[in-house]
There are 2 protein chains.
Amino acid sequence: MHDQFHTIVIGAGSGGLTVAVGLSSLGKAVAVLEALHVGGDCTNVGCVPSKTLIHQAEERGTLDPEGALAEVRRKRDALREKETHEFGELPNLSLIFGRARLVSRTQVAVRLPEGGERMLQAENIVIATGARPRKLVIPGLPEQRMLTNETVFELPVVPHHLAIIGGGVIGVELAFAFRKLGSRVTMLDSSPRLLTRHLREAAEAIEASLAAKGVELHLNTSVQGYDEATQALHIERNGSVATLHDVDYVLVAVGRQRNLDGLGLEEVGVTFDSRNGIAADSYGRTNVPGIYAIGDVTATSAFTHSANAQGRRVVQRIAFPWLPATTPEPFYPSATFADPEVATAGMSQRDLAARYHPALIKRIRVDLVTQTDRGYTDDLHHGFIIVDTVRLTGKILSVTIVGPRASEMISLFTLAIQERISLYRLYRVVYPYPTFSSGIQKVADAFMRETLPNLRGELATYLRYRWARPARVADVTVPLGARAAE
Amino acid sequence: MHDQFHTIVIGAGSGGLTVAVGLSSLGKAVAVLEALHVGGDCTNVGCVPSKTLIHQAEERGTLDPEGALAEVRRKRDALREKETHEFGELPNLSLIFGRARLVSRTQVAVRLPEGGERMLQAENIVIATGARPRKLVIPGLPEQRMLTNETVFELPVVPHHLAIIGGGVIGVELAFAFRKLGSRVTMLDSSPRLLTRHLREAAEAIEASLAAKGVELHLNTSVQGYDEATQALHIERNGSVATLHDVDYVLVAVGRQRNLDGLGLEEVGVTFDSRNGIAADSYGRTNVPGIYAIGDVTATSAFTHSANAQGRRVVQRIAFPWLPATTPEPFYPSATFADPEVATAGMSQRDLAARYHPALIKRIRVDLVTQTDRGYTDDLHHGFIIVDTVRLTGKILSVTIVGPRASEMISLFTLAIQERISLYRLYRVVYPYPTFSSGIQKVADAFMRETLPNLRGELATYLRYRWARPARVADVTVPLGARAAE
């Protein structure tokens, strides 16, 4: 092992490993520094255990909840071991456990677990240290009753009454899972609704589904404190106080905090702030040449698939610097594995509002429950497709799907948006019957039906508002907020 | 009601109703003639009851099989009633029950159920009479023990031991459903494998899944006879005879037969034969001007979604005859709602073999079990994506997906094929993690990995075989065979 590398990657999570595997397979000597576990959040405390739990909860339900939890740990440990072994064996890749700190623009010091420090040098440094759950202080709550996504999968038995604070992706996914495993589940959020980054309709569908499954919801609500003697969680809404009884665990899922501390960013002059993390462009380049940042430690989409995609772009930049850096960053899709699932593609509603005059946007909603035969045969309770499109042209801007297979259906729209395929062209696609995707046919039908008989009016609206800018909104920054690190 | 119409549609199934609703909404006077039930096979004896049964079997399993069957009938009847009512109320649309017969190129006689005949006249006649299950004679089998898709949903209790003859779409879907409801299920097919129109790998996955769920498979096997006294079904394979015991029902799903009899086709000179049905072009036009044919009564794809798509094309032809008839007919996708699902898009293997030299085709296979994390978290047993693509160019020709959500995933490929999106461009799409669709990313990755380092060799192969024709194969006709009428 040499202390001189082509590239040093700090953090062996989804983003960091993508860079490390990509560059090492191209023959570059890469060091990957990891403070804890190979696989990062995704493998250890994120998507893998949560999706395994969701699947196990579906399969075992209340019959064997402890078996479900044990299986989650078994599969997670097996995957971690496999990945650690595989990445450790890759040629040109050195996996080094320890805590990293930038010393100069080309040097990283690693504090080794066995003690001592090791100094590494490379022309490229990629920071992929991710994020961790934000803490919350709840007066009176003993530490062993407080859970986050980092500890919840260690539970040997399911909670009797689980209070979940935070109605973002993590909170919602785990609410469904633990409810199916038999826990009493109560969700609290200080916002007036769940999933605040999604369309109101999506949040309402999920709220209705949670309620139908027996999950209690308390919105606009904050937590006051906990009384260990009576296992009472005191909450407050609009000035009035209430009590949740028999709460044995509190899961805190109130957003995430970027791992910026102790990295030596100030020392080498990397621009960052605590709200948006490290400033990086769409190819991961920070303000310091040779230093890159990707994944949750930056301000971009906080998903495993976006960290992977960013990692690919960094590999391209580092390995082929002469290629033009002009490929636009993709619109990252999102998926929330609730029941039903919620998936989005294209621009966020915030970006949309910033760039297009509202009169220019035609919104089409197709109900999967009442407008598709699959919704009928499968007794669907909640589901829809909402597409925001440009009037007249049918250009697809933003899509939200709520439904049992939304996370798979959404990629057709990601492709359509990437390839600038309008609803006129989508109209020609034939979907298998009976599927939920045939709702996409109905979206195109509705656009045609509402546009073609009124071409003159649509054209007039288009010409009037195409270059009209909406009132300026605040800068579009993306704090991690209540998002999942997946 | 007038006896003079703009268009007469014979058959109120998926295809016929698409034409009738489309034309009547454009203000044309349409008569729809139906001999039995509105909704045709799909609503009454096809996709709707079968998908409801599949869903009910998944939900209720062995706990309440009779409840599942009763729910199938309840939902089917409710839908039939709703559709009959809705279509009966549409302006410009006259729904007439009775059996139709062409009298001339513009005249149809309807034998009414209450007796007597009525004569209708129109400039356009659309034949959409569909197909029915092919019968099989099994010596000794009492009629009440013989089922087809037209009678199987009437069963008040699930069979003790159901023998299914025919391993096509209908046989396979119902085998999974009845097995989940607790029946002993044995499948027989005279072919060496199931799902003979699909790739061998797809059939093998379904055979393995059926076996894992406890369905007995007898391939290369024919039925000899039945002995009512002992409830024994005698079968024969390679000259040796065996017996299946305690068989209380035999489901015959050995293909379908087009409804051509008594239509008066010969009298008005419409070209047809018993193997391929009525000859029609991609706009449904027969050899007789003004007479159209769509859906199962023709030789095209025997699915509800293809009948619907054909119906749309007929509407376009009849309502806007001045539009150029140049839009190519779409490649119809297919979906088999087995467990896992099987879905296809693009050219059939037979068409592929007829048009491309084998050396020009690169086949890529991504295993959803071992190569996607969703396969891991969800304990997937069988699943893959196979894409046949043109070397060098990455043009997508044919796709088969086997997996739990294949019927939804396939439409991304339908769109890609329609829009000529190559694997180079598919490579840029970001899929939500962890989904089965991320296997599509791996398809594109594999193509790039196998193509880019060997561009010179791929180019040479491409140039050598691009215009080389394969050995001529037999005419590509599509008999209905063992396909479902869905």
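Positions of Cβ are set from backbone N, Cα and C atoms, glycine also.
Small disclaimer: the values here were computed from a predicted structure and weren't measured.
Under the DSSP three-state reduction, B:ASP296 (FAD binding site) is assigned to helix. Sequence annotations record features per position, and here TrEMBL assigns FAD binding site to B:LYS51, B:ASP296.
The NAD(+) binding site annotation in TrEMBL covers B:GLY166, B:GLY167, B:GLY168, B:VAL169, B:ILE170, B:GLY171, B:VAL172, B:GLU173, B:GLY255. DSSP assigns B:ILE170 (NAD(+) binding site) to a helix. In this view, B:ILE170 (NAD(+) binding site) is surrounded by 29 other Cβ atoms within 10 Å of its Cβ, with every protein chain counted.
In the three-state DSSP assignment, the secondary structure recorded for B:CYS47 (disulfide bond) is helix. The disulfide bond annotation in TrEMBL covers B:CYS42-B:CYS47.
Here TrEMBL flags B:6-311 as domain 'FAD/NAD(P)-binding'. The average pLDDT computed for the domain 'FAD/NAD(P)-binding' (B:6-311) is 96.
What TrEMBL records for B:333-442 is domain 'Pyridine nucleotide-disulphide oxidoreductase dimerisation'.
In sequence order, the recorded positions near chain A, meaning those of B:CYS47, B:GLY166, B:GLY168, B:GLY255 whose CB lies under 8 Å from a CB of that chain, are B:CYS47. Cα-Cα distance from B:CYS42 (disulfide bond) to B:LYS51 (FAD binding site): 10 Å (rounded to the nearest whole number). Note: the CA-CA distance between B:LYS51 (FAD binding site) and B:VAL172 (NAD(+) binding site) rounds to 13 Å. Pairwise Cα distances among B:GLY166, B:GLY167, B:GLY168, B:VAL169, B:ILE170, B:GLY171, B:VAL172, B:GLU173, B:GLY255, which the record gives as the binders of NAD(+), peak at 14 Å. Cα-Cα distance from B:GLY168 (NAD(+) binding site) to B:CYS47 (disulfide bond): 14 Å (rounded to the nearest whole number). Of the recorded residues, B:VAL172 (NAD(+) binding site) and B:CYS47 (disulfide bond) place their C-alpha atoms 13 Å from one another. The shortest Cα-Cα distance from B:CYS47 (disulfide bond) to any of the binding-site residues (B:GLY166, B:ILE170, B:GLY255, B:ASP296) is found for B:ILE170.
The Cβ of B:ASP296 (FAD binding site) has 33 other Cβ atoms within 10 Å, all protein chains considered.
Each of the binding-site residues B:GLY166, B:GLY168, B:GLY255 was scored by the number of other CB atoms within 10 A of its CB, and the lowest score belongs to B:GLY255. Remark: secondary structure over the domain 'Pyridine nucleotide-disulphide oxidoreductase dimerisation' (B:333-442) totals 41 helix, 31 strand, 38 coil, with classes taken from DSSP. B:LYS51 (FAD binding site) is surrounded by 25 other CB atoms, counting those within 10 A of its CB over all protein chains shown.
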